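Trainee: Found this in Swiss-Prot, in case it helps:
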BINDING   GLY41, HIS42, ASN43, GLY44, SER45, GLY46, LYS47, SER48  ATP binding site
DOMAIN    8-240  domain 'ABC transporter'
Amino acid sequence: MDNKNSVIKFENVSFSYNSKKQVLKNVSYEIYEKEYVCIVGHNGSGKSTMSKLLTGILKPLAGTIYLFGYAISRDNIKFLRDNVGIIFQNPDNQFIGITAEDDIAFGLENRKIPRGEIKRIIDSVADKVGIKDILKFEPHKLSGGQKQRVAIASVLAINPSIILFDESTSMLDPKGKKDIKSFMLQLRNQGKTVISITHDMEEVVNCDRVLVMDHGNLIKQGRPDEIFKDKQFLRDINLDVPFSLDLAMQLNELDEKINSTLRYNELIDNICSRVDQKD
């Protein structure tokens, strides 16, 4: 990442609630332009607090958060919120409008975008996330996955450079989870910086880099394959190994030519290749 531009930088950031024990302890890291980063950790690790700091909901007790090289303060909090969009865990917490269309329009109207331009933007983002047929629907008529698509469309409408998913798949059924994970990859491929705070290790497989939190400390970071190769490390901090890798590792114990891999398609190809060789 040496040639990448830093978009977010945490420099020795600490935070505590009501002067109690610190929930973030001297955390430092950088996230780069067009990168897809997952932040993982067990409950109480500090990852949710980090999302509130990233969006300006909370202010660090100590240290500095930089956005595109600018230190974030009360004076430029609008700059932060214009550039960082967030998709929450519970899509119901994000709905403001009477219909899906109204909800997408809300942020645009606040920015005084002309009505004709609002209609064009809504049609564009609705098409991107596949919700053109539900724009007139009321929230209670939508599934969890549809609500999250509307939430994504609402964020895309204001066109932030960075999109933060805060446990955004945890309340969805398998199809809804698959759809949202696919959108994350699409957004990264379209040039957005994507940050996902998650406990879903199957999602982490597809990201560029993982930040591992434990008891308020950033204890490890690296590519998914670097993080997941140490199963004992993950068990020690109460995190799971993705099923595909766990299965591959077990098969590797039976046949050392079956490589440990994070991806199902690679594992299947590997197994088929070994079967063909033995035939």
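The backbone N, Cα and C atoms fix where each Cβ goes, and this holds for glycine too.
Could you tell me the structural context for the features on the list?
Mentor: Other C-beta atoms found within 10 angstroms of the C-beta of ASN43 (ATP binding site) number 8, with every protein chain shown included.
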Trainee: Taking the Cβ of SER48 (ATP binding site) as the centre, count every other Cβ atom within 10 Å, in any protein chain shown.
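Mentor: So the number of other Cβ atoms within 10 Å of SER48 (ATP binding site) is 17.
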Trainee: Please report the three-state DSSP label of HIS42 (ATP binding site).
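Mentor: It is coil.
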Trainee: Tally every other Cβ atom lying within 10 Å of the Cβ atom of GLY41 (ATP binding site).
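Mentor: For GLY41 (ATP binding site), the 10 Å Cβ neighbour count is 25.
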Trainee: Sort out for me which one of GLY44, GLY46 has the most neighbouring CB atoms within 10 A, since those are the binding-site residues we care about.
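Mentor: It comes out as GLY46.
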Trainee: Across all chains shown, how many C-beta atoms besides its own are within 10 angstroms of the C-beta of HIS42 (ATP binding site)?
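Mentor: There are 13 such Cβ atoms around HIS42 (ATP binding site).
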